[in-house]
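Undergrad: Mind looking over this structure? Questions follow.
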(Lines of atoms letter the chains of each structure in order from A and count residues from 1; the text may use other names and numbers.)
(Lines give C-alpha, C1' and ligand atoms only; values in the text may rest on other atoms or scores of the structure.)
Protein backbone atom coordinates (compact mmCIF):
# COMPACT_ATOMS: atom_id res chain seq x y z
CA UNK A 1 0.00 0.00 0.00
CA UNK A 2 1.40 3.39 -0.97
CA UNK A 3 1.65 6.14 1.61
CA UNK A 4 0.53 9.75 1.30
CA UNK A 5 1.48 12.30 3.94
CA UNK A 6 -0.79 15.24 4.76
CA UNK A 7 1.28 18.01 6.37
CA UNK A 8 -0.37 21.03 7.96
CA UNK A 9 1.48 24.06 9.27
CA UNK A 10 0.95 26.62 12.01
CA UNK A 11 -2.47 27.49 13.39
CA UNK A 12 -4.29 24.88 11.32
CA UNK A 13 -4.97 23.00 14.56
CA UNK A 14 -7.37 25.91 15.23
CA UNK A 15 -9.56 25.24 12.18
CA UNK A 16 -13.23 25.50 13.03
CA UNK A 17 -12.48 28.19 15.62
CA UNK A 18 -10.05 30.54 13.88
CA UNK A 19 -11.63 33.04 11.49
CA UNK A 20 -14.33 30.69 10.17
CA UNK A 21 -15.39 33.33 7.62
CA UNK A 22 -11.99 32.76 5.95
CA UNK A 23 -11.11 29.15 6.79
CA UNK A 24 -14.50 27.50 7.28
CA UNK A 25 -16.04 25.74 10.25
CA UNK A 26 -14.64 22.23 9.78
CA UNK A 27 -11.97 21.14 12.22
CA UNK A 28 -8.66 19.71 11.08
CA UNK A 29 -9.60 16.38 12.66
CA UNK A 30 -12.83 16.27 10.62
CA UNK A 31 -10.90 16.98 7.43
CA UNK A 32 -8.26 14.36 8.25
CA UNK A 33 -10.85 11.67 9.06
CA UNK A 34 -12.72 12.30 5.80
CA UNK A 35 -9.53 12.15 3.75
CA UNK A 36 -8.30 8.98 5.49
CA UNK A 37 -11.57 7.24 4.60
CA UNK A 38 -11.28 8.36 0.97
CA UNK A 39 -7.68 7.14 0.77
CA UNK A 40 -8.47 3.74 2.29
CA UNK A 41 -11.38 3.23 -0.14
CA UNK A 42 -8.91 3.63 -2.99
CA UNK A 43 -6.20 1.44 -1.47
CA UNK A 44 -3.88 4.12 -0.10
CA UNK A 45 -2.68 4.96 3.39
CA UNK A 46 -2.94 8.60 4.51
CA UNK A 47 -0.78 9.74 7.40
CA UNK A 48 -1.49 13.14 8.95
CA UNK A 49 0.80 15.55 10.76
CA UNK A 50 0.32 19.11 12.00
CA UNK A 51 2.83 21.33 13.75
CA UNK A 52 3.06 24.96 14.69
CA UNK A 53 6.85 24.95 14.57
CA UNK A 54 9.12 24.89 11.56
CA UNK A 55 11.57 22.38 13.06
CA UNK A 56 8.88 19.74 13.63
CA UNK A 57 7.67 20.07 10.04
CA UNK A 58 11.21 19.78 8.68
CA UNK A 59 11.88 16.71 10.84
CA UNK A 60 8.66 15.06 9.60
CA UNK A 61 9.62 15.74 5.99
CA UNK A 62 13.03 14.14 6.62
CA UNK A 63 11.33 11.10 8.20
CA UNK A 64 9.20 10.77 5.06
CA UNK A 65 12.24 9.94 2.94
CA UNK A 66 11.91 6.37 1.69
CA UNK A 67 8.56 5.91 3.45
CA UNK A 68 6.16 8.33 1.76
CA UNK A 69 5.19 8.35 -1.90
CA UNK A 70 3.45 11.73 -2.09
CA UNK A 71 3.00 14.76 0.18
CA UNK A 72 0.03 17.10 0.45
CA UNK A 73 1.17 20.22 2.28
CA UNK A 74 -0.57 23.28 3.61
CA UNK A 75 2.42 25.21 4.91
CA UNK A 76 0.11 27.98 6.19
CA UNK A 77 2.11 31.06 7.21
CA UNK A 78 5.37 29.23 6.42
CA UNK A 79 4.34 29.48 2.75
CA UNK A 80 5.65 33.01 2.71
CA UNK A 81 8.68 32.65 4.97
CA UNK A 82 10.27 29.20 5.06
CA UNK A 83 13.23 28.54 2.84
CA UNK A 84 14.12 25.77 5.31
CA UNK A 85 10.92 23.79 4.63
CA UNK A 86 11.42 24.34 0.90
CA UNK A 87 14.95 22.94 1.19
CA UNK A 88 13.68 19.93 3.16
CA UNK A 89 11.16 19.15 0.42
CA UNK A 90 13.88 19.44 -2.21
CA UNK A 91 16.18 17.20 -0.15
CA UNK A 92 13.74 14.29 0.06
CA UNK A 93 12.56 14.71 -3.56
CA UNK A 94 9.05 13.42 -2.80
CA UNK A 95 6.43 14.85 -5.17
CA UNK A 96 4.02 17.21 -3.43
CA UNK A 97 1.06 19.47 -3.97
CA UNK A 98 0.51 22.75 -2.11
CA UNK A 99 -2.93 23.46 -0.62
CA UNK A 100 -4.41 26.61 0.92
CA UNK A 101 -7.92 26.97 2.30
CA UNK A 102 -8.12 30.65 1.35
CA UNK A 103 -7.11 32.29 -1.90
CA UNK A 104 -3.69 33.59 -0.92
CA UNK A 105 -3.55 35.70 -4.08
CA UNK A 106 -6.60 37.74 -3.08
CA UNK A 107 -5.45 38.45 0.46
CA UNK A 108 -2.79 40.77 1.89
CA UNK A 109 0.16 41.37 -0.42
CA UNK A 110 2.60 39.61 1.93
CA UNK A 111 0.61 36.39 1.36
CA UNK A 112 0.98 36.46 -2.43
CA UNK A 113 4.45 34.88 -2.58
CA UNK A 114 4.98 31.17 -2.00
CA UNK A 115 8.38 29.56 -1.48
CA UNK A 116 6.87 26.25 -2.62
CA UNK A 117 4.80 26.88 -5.74
CA UNK A 118 7.66 26.66 -8.24
CA UNK A 119 8.76 23.24 -6.97
CA UNK A 120 5.33 21.71 -6.32
CA UNK A 121 3.31 19.52 -8.67
CA UNK A 122 0.52 22.09 -8.37
CA UNK A 123 -1.31 24.50 -6.12
CA UNK A 124 -4.90 24.43 -4.92
CA UNK A 125 -6.06 27.56 -3.14
CA UNK A 126 -9.27 29.31 -2.26
CA UNK A 127 -11.53 26.26 -2.33
CA UNK A 128 -11.83 25.82 1.42
CA UNK A 129 -11.64 22.34 2.96
CA UNK A 130 -12.70 20.81 -0.39
CA UNK A 131 -9.24 21.74 -1.68
CA UNK A 132 -7.80 18.91 0.41
CA UNK A 133 -10.13 16.44 -1.35
CA UNK A 134 -8.92 17.66 -4.74
CA UNK A 135 -5.31 17.41 -3.59
CA UNK A 136 -5.83 13.83 -2.41
CA UNK A 137 -7.47 12.95 -5.73
CA UNK A 138 -4.47 14.42 -7.56
CA UNK A 139 -2.00 12.56 -5.34
CA UNK A 140 -3.74 9.23 -5.94
CA UNK A 141 -3.97 9.87 -9.69
CA UNK A 142 -0.25 10.66 -9.73
CA UNK A 143 0.61 7.41 -7.95
CA UNK A 144 -1.46 5.10 -10.17
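Cβ atoms here come from the backbone N, Cα and C positions, even for glycine.
Quick paste of what Swiss-Prot says about this protein:
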{"type": "SITE", "residues": "18", "note": "site 'Transition state stabilizer'"}
{"type": "ACT_SITE", "residues": "23", "note": "active site, proton acceptor"}
{"type": "BINDING", "residues": "74, 80, 87, 101, 102, 111", "note": "substrate binding site"}
{"type": "ACT_SITE", "residues": "100", "note": "active site, proton donor"}
Undergrad: Quick check: of the recorded positions listed here (74, 100, 101), which one has the Cα closest to that of residue 23 (active site, proton acceptor)?
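TA: Comparing Cα positions, the candidate nearest residue 23 (active site, proton acceptor) turns out to be 101.
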Undergrad: Measuring Cα to Cα, how many Å separate residue 100 (active site, proton donor) from residue 18 (site 'Transition state stabilizer')?
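TA: If we compare the Cα positions of residue 100 (active site, proton donor) and residue 18 (site 'Transition state stabilizer'), the gap is 15 Å.
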Undergrad: In the structure shown, which of the binding-site residues 74, 102 has the fewest other Cβ atoms within 10 Å?
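TA: Counting other Cβ atoms within 10 Å of each of the binding-site residues 74, 102, the minimum falls on 102.
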Undergrad: If you count Cβ atoms within 10 Å of each one, which of the recorded positions 18, 80, 100 comes out on top?
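TA: Going through 18, 80, 100 one by one, the largest Cβ count within 10 Å is at 100.
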Undergrad: DSSP secondary structure for residue 101 (substrate binding site), reduced to helix/strand/coil, please.
TA: coil
Undergrad: Taking the Cβ of residue 101 (substrate binding site) as reference, which residues of that chain separated by at least 6 in sequence fall under 8 Å from it?
TA: 15, 22, 23, 24, 74, 125, 126, 127, 128, 129, 131
Undergrad: Just to be sure I understand the packing, how many Cβ atoms besides its own are within 10 Å of the Cβ of residue 23 (active site, proton acceptor)?
TA: 19
Undergrad: Which state, by DSSP, holds residue 74 (substrate binding site): helix, strand or coil?
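TA: SS state of residue 74 (substrate binding site) = strand.
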Undergrad: Looking only at Cβ atoms, how many others are within 10 Å of the one on residue 87 (substrate binding site)?
TA: 12
